[in-house]
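Residues annotated as N-linked glycosylation site in Swiss-Prot: Asn14, Asn53, Asn124, Asn140, Asn620, Asn783. Summarising the annotation, Swiss-Prot assigns transmembrane segment to 261-283, 307-327, 344-364, 373-393, 405-425, 447-467, 925-945, 1100-1120, 1183-1203, 1213-1233, 1245-1265, 1306-1326 (among others) and lists sequence analysis as the type of evidence. Residues annotated as domain 'ABC transporter 1' in Swiss-Prot, with sequence analysis given as evidence: 530-763. Feature annotation from Swiss-Prot assigns ATP 1 binding site to Gly566, His567, Asn568, Gly569, Ala570, Gly571, Lys572, Thr573. Residues or ranges marked as domain 'ABC transporter 2' in Swiss-Prot (evidence: sequence analysis): 1381-1614. Residues or ranges marked as ATP 2 binding site in Swiss-Prot (evidence: sequence analysis): Gly1416, Phe1417, Asn1418, Gly1419, Ala1420, Gly1421, Lys1422, Thr1423.
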Amino acid sequence: MAVLRQLALLLWKNYTLQKRKVLVTVLELFLPLLFSGILIWLRLKIQSENVPNATIYPGQSIQELPLFFTFPPPGDTWELAYIPSHSDAAKTVTETVRRALVINMRVRGFPSEKDFEDYIRYDNCSSSVLAAVVFEHPFNHSKEPLPLAVKYHLRFSYTRRNYMWTQTGSFFLKETEGWHTTSLFPLFPNPGPREPTSPDGGEPGYIREGFLAVQHAVDRAIMEYHADAATRQLFQRLTVTIKRFPYPPFIADPFLVAIQYQLPLLLLLSFTYTALTIARAVVQEKERRLKEYMRMMGLSSWLHWSAWFLLFFLFLLIAASFMTLLFCVKVKPNVAVLSRSDPSLVLAFLLCFAISTISFSFMVSTFFSKANMAAAFGGFLYFFTYIPYFFVAPRYNWMTLSQKLCSCLLSNVAMAMGAQLIGKFEAKGMGIQWRDLLSPVNVDDDFCFGQVLGMLLLDSVLYGLVTWYMEAVFPGQFGVPQPWYFFIMPSYWCGKPRAVAGKEEEDSDPEKALRNEYFEAEPEDLVAGIKIKHLSKVFRVGNKDRAAVRDLNLNLYEGQITVLLGHNGAGKTTTLSMLTGLFPPTSGRAYISGYEISQDMVQIRKSLGLCPQHDILFDNLTVAEHLYFYAQLKGLSRQKCPEEVKQMLHIIGLEDKWNSRSRFLSGGMRRKLSIGIALIAGSKVLILDEPTSGMDAISRRAIWDLLQRQKSDRTIVLTTHFMDEADLLGDRIAIMAKGELQCCGSSLFLKQKYGAGYHMTLVKEPHCNPEDISQLVHHHVPNATLESSAGAELSFILPRESTHRFEGLFAKLEKKQKELGIASFGASITTMEEVFLRVGKLVDSSMDIQAIQLPALQYQHERRASDWAVDSNLCGAMDPSDGIGALIEEERTAVKLNTGLALHCQQFWAMFLKKAAYSWREWKMVAAQVLVPLTCVTLALLAINYSSELFDDPMLRLTLGEYGRTVVPFSVPGTSQLGQQLSEHLKDALQAEGQEPREVLGDLEEFLIFRASVEGGGFNERCLVAASFRDVGERTVVNALFNNQAYHSPATALAVVDNLLFKLLCGPHASIVVSNFPQPRSALQAAKDQFNEGRKGFDIALNLLFAMAFLASTFSILAVSERAVQAKHVQFVSGVHVASFWLSALLWDLISFLIPSLLLLVVFKAFDVRAFTRDGHMADTLLLLLLYGWAIIPLMYLMNFFFLGAATAYTRLTIFNILSGIATFLMVTIMRIPAVKLEELSKTLDHVFLVLPNHCLGMAVSSFYENYETRRYCTSSEVAAHYCKKYNIQYQENFYAWSAPGVGRFVASMAASGCAYLILLFLIETNLLQRLRGILCALRRRRTLTELYTRMPVLPEDQDVADERTRILAPSPDSLLHTPLIIKELSKVYEQRVPLLAVDRLSLAVQKGECFGLLGFNGAGKTTTFKMLTGEESLTSGDAFVGGHRISSDVGKVRQRIGYCPQFDALLDHMTGREMLVMYARLRGIPERHIGACVENTLRGLLLEPHANKLVRTYSGGNKRKLSTGIALIGEPAVIFLDEPSTGMDPVARRLLWDTVARARESGKAIIITSHSMEECEALCTRLAIMVQGQFKCLGSPQHLKSKFGSGYSLRAKVQSEGQQEALEEFKAFVDLTFPGSVLEDEHQGMVHYHLPGRDLSWAKVFGILEKAKEKYGVDDYSVSQISLEQVFLSFAHLQPPTAEEGR
């Protein structure tokens, strides 16, 4: 039951996701309909011709050779060969034949057939040999007579000599050479009579090639040999004629020709997009870790696959139903695409194919971990498995049943063979019916439709098994692999024996032995929710083992939040991954709720809530749907779900967002939702990996409150990079370093162990004497130490144990402040950050934290000194420049940046190398670019050559027995005595052979017409020959009738009659068995298989187009990726010119395209494709390919603007290329078949499609080939030239002629469209189109702004903000040039249904050497402001100036002066850190000789040197932020924008970043920074503003804002554990009484956190009161610090509406 519930839930999830992806869903349903629509459209356009009367054919004489053979062959006489030459009987018979055939001819004998074949093959004499008569008797000596039962075969020329030119559109009806002796019926049957205009039956030419004349002459000669006189006498009164069966009224329908060839390909194309989508959707869940996350939540793997299967099956069922409807619905009276087939069987076939397609895509998905690659290779493999059909189709008749079945192991080949069978049954006039399921289409074939369906289902099972195995053994980056032999392990099938829960409780606690001073005693009254014992994890990197976690022992308790800290790479995430079952541990154990992780993961997952570091959300599910889905997945009943979801929405504060899709949520909201998912359904154990990363202060607070409220009955473990978060939330804090646990305890415990105590910072006046102050401090606190004395700042460390002495010290300092020359002083407690840094330093002494006290920390001390100032008025501005700054300034001025042409060349080179690096690193894709076209074309050529290399035709017995049991009608009109005699013999002979003679009393031809009308297609297989015997005057005419639907019926009919005459003359034992065994091809003929290769050009073009569809799409991948991650924007901000950016890409891509193009020429040469390689045409072929590259690459660049992700772009562009190439090419080509009668429409469409490079390539390649072969044929001989003229076969001497079949128009259009697409690309990139639109919208915008301003509530403006505005709006031209950044009344309105004012009239000036902080809640407008200032977004009104240049009109010059670090890392994964910095240095114009030093300095400053040569994709989040900042700083831009630069960094990395930024500031840069970390703003910013609703609400230095908007202190205290509760209540009452208005912020485990208000409280007073309370209330420890900037920030929270989205 639970399984069904989970399945239903997954189906609901998949269906909902699919429903929201409207375009994908529409395409999945639309493409099959489109291709079905093409067939319907053709069906409507192709007129079928009704032939209302029966077709009667005249009789044909076989007494003499056709007229053609009366002319001698070139320079010779005809030869009649016989074998064996040593037999007199054979020679006698042959001479008799020569005399009978009355043409000038000589007889030549050969000892054996081998001699004859050598003569034909190598002496090039086949043209003069009329035929060879080979007697199949040993003839032991020359006089041995011919037996009565004669067997012989005739060997005529393989190439027909007297064939009429038939132009039925050689693309589809490939007129093969030869006698078709491999088959009895055509491979593709025709509706109506075969060759309706040929009374002699046409192909293979039994009458017109003289075969029947020779056969009859040989038969008569054999009769004469055995009964000379009787034979002459018989033939004096008897004439044998041959006549074609009449054909009943029929509808001539050329459409059925097209469908037999094209239905397989159209079905393949119909499902191609779905195949790509399936692979992409499945892999995307794997790539985003959603699949593994669902598994952690308790989902079975087979259920996951089943749900996907059912969803896609449902969609394909709908598509297949519509296709069946379109195929079988009558579009005209009695006319449909498939007029006669059973719709239910067609649907069954399509569904079997759909199932195999889904299974195939599942199988492909298991080989990839990136959705892009899965889609790319999936599409290629999907088509690749169709290519073998090109081999199978031409040699279908040669293949055995087992070979056919084996080829059906590829589902696309099985589908093609099934579609071919449907076409054949349609053409037979019967259609496919359920009764035909196990019947072949004709006697030639042993393969039936039921076998196709069976093989499609078998394929699905086999693909499923591969999927199951691959997923188990190679689960991808985030799964746990099984051993390769897992399927033979009993434990896999039966499960492991359950470990007894609770058993581990008894184990001795190994941590006790290890307890040392850095591990606080564990709480004894709490239950351990998680127990970790000796846990280790070793990863194999290359050929080395790397320990990520070493021997970890830790207990995590219920009702507590345990915080796990560690710098990037310390082993935190690995530990959590082991606990959640993502990785198996290498050794050790862990128990969660009593269950062991490696054995009982299924049980554990039921109570496990997980919030990973990355948001594991489905883009298109709403907030409520996520909660509903995961609650049900964890096992909550459906009835309880709505209430639980409602409650959770309330808990996480997303009630108003319940119906918003997750992709529209801000980062903070996404994290809240992730936490909600972890909490829902009563999870007892919560594992939260950096739950608040990327949130603003207010959202973070909300999460903290949420976790504090939820922890009571849960075990919560969380990791974070925010030390204040660890301090505030952590009941116990564990710090890891290098994979080992270093310490564990409460925040106060760790501060006692590692912390120095209080930092007291004093700001000195000029007359201050540090010695006096030092004496005073040491007098009151003897063990105080001087921390630093730098510039105007003096800093002491006061030990915690001396807090009782602080009151006296502070009182003395306040009293003697002026006398000692102290401007201000303050104190701050050891922070958690210092503890963390100290632990890191102890572990790794090489990373000396003291060495990192660069300007950032010094400046922070300066800030602190003024922050805790007793008298804020005394705080003056400080000169930021010092020695380091001066040094950097000097270095900068020494380097002169490139400009003009030198800069453009340098930028072009940088962009070119970027593309080169991409190709080098993504070598698999480059390999695919080369191999896909080569493989497709090579396989096509192999298939074509294989089909035309053609085996020599085998021997075929011309007897009725070959056709099984048949009916032979005969009639004897009148009272002919000889006729009666003959008919009796005929009956006996046929019955002896197992045939069914049937006497017809009326007119034989009328009978045949009637039976054919009644029986339809079956008649042609059951009735092949007939005979009539009638007297005409004195003679009896024996008329042998043949059914021309079978190839060999003329000779078979004649053989029946001649046998009859032989039996009449020589008795019942006489018989003649004749066979047709065509001569082998001569070397000349093999070389001359020409003209009728029209389809070869078509096949090459089709395969080339398919390959190019995949190849061309790859050119968009980097463009889309760069745009998606904003790397392109950062490159433009760094000054790259549009032309350098795109033309360098175009040049590289053309070079990349040249390689497969040249290799294609090699392939053409290897296969000797004459049209493309001979007569100087190699250059033409290369030109065609390169012009295609020139046209398609800019088109792919243009299309990149439509997509947000590389995977989506790749799949959709591949489909676009297939549609714009193959579909249009097929449409035009099919219409060009003369029989279809749509030539004019095909010309019109051909002209319309000229704008599509794919279409041009297909048509050009096909036309070029066709023109070459036609021209070669028509100029090969006078006879050929005569034929070409007679049948109006056109060709062009000039291959580049404009009209068909010249390729001039395709060449010109590809050349022109390449230019057009490039121009359009530049228009878009240079914003010219946007500017035009902007001018048009300007009037409307002014109106919108005015309306918005009047609608907005007028909020009071802060005085500092008003003063800044006044100063900026005052006219002062000098300030424009000397101020790095000036913002004047900047506004941004987003045009939507309700216009949104995102930025509202900002005015600001940022000076040199200033770091300006832009603070605000998510949605306040910070990121929008950045986007406008960097030129990514247009300005609605106002303006901004960088170095005097307007952003609105001179964005190019502005960008050369700014550096930009966006909020999300705009990095290129395929480059190393060093390569990226070098690239940006070149973009900035740093001369090449200085780049190395400049990059080294940046790497050193950011401590990125160890990672400089690693690929960016391997960087941790922190290192990526460092690199992004380095990119912004390189090249010394005047203005630097940093959007949340330190997100995701650990404290050490963050400090280093601050140092770098501080150095840049001190060198005179203007820096604008946004951050969620108030600590960062205090450390770096000289001024800051807080934004609310797009406006500045306050502006000034951090201390100014704290003094203006904040007051009071923050108090934390911990009460002793004995009698804790009682003492705690008393202490709380004391605080409330002593500090009126105090607010209790937090309370847990005897710990309290208060906010103490009041500006009049002095440090001395606070410490005095608390020291007295310490003894009285049993306070173990306490700490006091001044209110933080964060609290000032939070005081503005109520002004920001909660619904505003991030990024505005």
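Cβ atoms here come from the backbone N, Cα and C positions, even for glycine.
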Exercise for the section: Starting from the Cβ centroid of Gly566, His567, Asn568, Gly569, Ala570, Gly571, Lys572, Thr573, which together make up the recorded ATP 1 site, report each further residue of the same chain whose Cβ lies within 8 Å of that point, ordered by sequence. Expected result: Thr574, Met736, Ala737, Asp1546
Fill in the blank from the handout: Counting Cβ pairs closer than 8 Å to the transmembrane segment (261-283), the top stretch among 344-364, 373-393, 405-425, 925-945, 1183-1203 is 373-393
Exercise for the section: State the three-class DSSP label for Gly1416 (ATP 2 binding site), counting H, G and I as helix, E and B as strand, and everything else as coil. Expected result: strand
Fill in the blank from the handout: Smallest number of other CB atoms within 10 Å: among the binding-site residues Gly569, Gly571, Gly1421, that is Gly569
Practice task
Test the contact criterion for the transmembrane segment (1306-1326) and the transmembrane segment (1183-1203): 3 or more CB pairs under 8 Å, pairs 6 or more apart in sequence, then answer yes or no.
Solution key: yes
Practice task
Kindly say whether the transmembrane segment (344-364) and the transmembrane segment (1100-1120) touch, using the definition of 3 or more Cβ pairs under 8 Å where each pair is 6 or more positions apart.
Solution key: no
Completion exercise
Given the transmembrane segment (1213-1233), its same-chain partners at Cβ distance under 8 Å and 6+ residues beyond its ends are 27, 31, 34-35, 38, 42, 45, 168-169, 171-172, 254, 257-258, 262, 265-266, 269, 272-273, 276, 375-376, 379, 1098, 1101-1102, 1105-1106, 1108-1110, 1112-1113, 1116, 1192, 1196, 1199, 1203, 1239, 1241-1242, 1245-1246, 1249, 1252-1255, 1257-1259, 1262
Fill in the blank from the handout: Three-class DSSP assignment, Asn53 (N-linked glycosylation site), comes back as coil
Fill in the blank from the handout: The recorded positions listed are Asn14, Asn1418, Gly1419; by CA-CA distance, the one closest to Gly569 (ATP 1 binding site) is Asn1418
Completion exercise
Other C-beta atoms within 10 angstroms of the C-beta of Thr573 (ATP 1 binding site) total 20
Completion exercise
Candidates Asn140, His567, Ala570, Thr573, Asn1418 (recorded positions); nearest Cα to Asn783 (N-linked glycosylation site) turns out to be His567
Exercise for the section: Provide the number of Cβ atoms within 10 Å of the Cβ of Asn140 (N-linked glycosylation site), excluding the reference atom itself. Expected result: 9
Practice task
May I ask for the residues of the chain that lie six or more residues beyond the transmembrane segment (405-425) and have a Cβ under 8 Å from a Cβ within it?
Solution key: 188-189, 256, 259-261, 263-265, 267-268, 338, 340-341, 346, 349, 353, 356-357, 359-360, 382-383, 385-386, 388-389, 392-393, 396, 399, 431-433, 436, 441-442, 447-449, 451-453, 455-456, 458-460, 462-463, 1017
Problem - Structural state of Asn140 (N-linked glycosylation site), classified by DSSP into three states - result: coil
Handout entry: Stretch-averaged pLDDT - the domain 'ABC transporter 2' (1381-1614)
Key = 86
Handout entry: When distances run from the Cα of Asn620 (N-linked glycosylation site) to each of the recorded positions Asn14, Asn140, His567, Gly1416, Thr1423, the nearest one
Key = Asn14
Problem - Local Cβ density at Asn783 (N-linked glycosylation site) - other Cβ atoms counted within 10 Å - result: 12
Exercise for the section: Mind checking which of Asn14, Asn568, Asn1418, Thr1423 has the fewest other CB atoms within 10 A of its CB? They're the recorded positions. Expected result: Asn568
Exercise for the section: Please work out which residue of Asn53, Asn620 has the most C-beta neighbours within 10 angstroms of its C-beta, and give that one of the glycosylation sites. Expected result: Asn620
Completion exercise
The correct three-state DSSP answer for Asn14 (N-linked glycosylation site) is helix
